[in-house]
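As written in Swiss-Prot, here are the features:
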type	residues	note
DOMAIN	118-306	domain 'FAD-binding PCMH-type'
CARBOHYD	N45	N-linked glycosylation site
CARBOHYD	N80	N-linked glycosylation site
CARBOHYD	N370	N-linked glycosylation site
MOD_RES	H156	pros-8alpha-FAD histidine
SIGNAL	1-23	signal peptide
Amino acid sequence: MALFRLSAAIVVIFLYIWSPSQRIQCRCRSFERCWPSQQDWSALNNSISGHLVNPRPVAYVCHDPDFDHDACEHVRYMANNSLWRASMPGALQNTVWESSLVSTQTCLPFSAREQPCNQGRIPLYAAVVESKKEVQTAVRFARKYNLRLVIRNTGHDGAGSSSGPESFQIFTHRLNSILYHSNFCPGGSHSKYQTCAGPAVSIGAGVMFRDLYARGAERGFVVTGGDSGTVGAAGGFIQGGGVPAFMGYTWGLAVDNVLEFEVVVATGQLVIANADENADLFWALRGGGGGSFGIVVRVTMRTYPDLPTLKGELTVSGNRHDPSFWTEDIAGLLNALRAFNHLDAPGVFRLIQTSAKGSISAVLEVYLLNRTLAEDLTRMMGPILGTSRRKYNISPITVGKISSFANPNEPTITEFFGSTILSRNFFESPNGPLVMAKRMAAINLDPGDGLLTSNLGGRINNENSDLPLHPAWRSSAHLVSLVVNVDTSLRARERAMVRLTDELMPMLYAIDSSQWVSYSNMGNPNEPDFKERYWGMRNYRRLVSIKKKWDPKDLFIARVGVRSDGWDSEGMCRT
């Protein structure tokens, strides 16, 4: 009898240890007993006005047993439409993150019909929320059942944080309110602080820059936003720091211009965060990374006049194996960029390798704000380019408003990213542009790979606001981003990730060897030293402290985000 009782006790202990509902080290998964029942999911659906869906990869209609010819043709036609993808819970803008990271599970629109369609990293359920209350309800549900929670607006994401296997998605795309304030007072007009900040705009979590710029154009305002029209204005872009392509030089980073957040935190509570109220959370959200501290349902930013703007383009083509192409043509464009900056004209440099034989195409875009005469920019170009202007194709000057230069609907991508920040001391050194060009030449690009810059410096260097971003941002000149084209197969993705981390990133950081600093929104998704690269250890420790306060159980975890090192790469199990 004693032996029986001992054996029974061992069985009970074994079942306790291995019972999925007791494995607090992992999120609950669909094959475990802790997973919500159909009745639980139905109750959630009823509580959020019927807005719960079961996302499937958008290409499932192109594969057996669900093949539908007409539906598949529509998916194939829309596959590269960024606006369409933004509206689909089962799609991402960067399709590399739709497929499994550890298996061949894919579901691609142009693969063979008989090839199985697998869920991959597309969430199993999505709450397509239409109100703040629905966000709160969905967060509480995820917390109650210990679900892997992912947050998605438009699906622009360089590290895969908007999707995840066995996950529950909160899809914020329909929270698209835009409210202009002639004089915004954080905390409301009856706030005890009574510190009003002038013109501003409050935007819902689902607002895209294309819509915000369009509304601003009607009223004559613009914000320091991105140049990609389908990027969400209130999500990961701004919470990661918010680097505009060229407006930052004049008005600072997007986070320099945030006045207030409205956030659903891990308890499901809706809180206001600004410089006076929940100031620690306000600090963390202005650069601490998206998907780490809560779900921002509304953000309020300063606005600026939608000024008339001139845009000029200089292009050049050559071969990467020709040293003079780098030391003369590319260095010449970078020298011109520096000279334009000295005249308060920001610019963007882009370079792409177009063939396996090493063909390179490069362009410098220059912006001159608050000017309406094309001749103003033409006269500026003359002394800057001098006799070297013969090397470049100079496009006609474009005259427009700032808001008109955003890309309204860029194509879908399959890419990995990396980035580095160049210091002002490096770029302004006598041979800075030449050294930059030579070190770019050393980066072994493949066809479809590219390099691009975003203009920092200017107002970004002059801001005194305290941010979580690495301190090097305040003495920066340019952000250089690396774009690596990736094939869809698992083996190709694995090779591309290794190549990016082990080969390309060290060469990218070596452009300015005085500092190794990166931008999380365009960072290596496998960055081994992300804490130091993105924030610096002092800021990172402060971010960790704030996260422990607001999200002690890590309901919100983003790949290479705050406290993500305590979890596996999918945020599913603690390590």
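Any Cβ shown, glycine's included, is placed from N, Cα and C.
It should be emphasised that the depicted structure is a prediction, and the values quoted were computed from it without experimental measurement.
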Considering Cα atoms only, can you say which of N80, H156, N370 is the nearest neighbour of N45 (N-linked glycosylation site) among these recorded positions?
H156
Cα-Cα distance linking N370 (N-linked glycosylation site) and N80 (N-linked glycosylation site), given in Å to the nearest integer:
35
Pop the Cα-Cα gap between H156 (pros-8alpha-FAD histidine) and N370 (N-linked glycosylation site) into the table, whole Å please.
31
Where's the emptiest Cβ shell within 10 Å among the glycosylation sites N45, N80, N370?
N370
Tally every other Cβ atom lying within 10 Å of the Cβ atom of the residue listed as 'pros-8alpha-FAD histidine'.
25
Averaged pLDDT, computed only over the residues in the domain 'FAD-binding PCMH-type' (118-306):
95
Work out the three-state DSSP category of N370 (N-linked glycosylation site).
coil
Conformational class of the residue listed as 'pros-8alpha-FAD histidine' under the three-state DSSP mapping:
coil
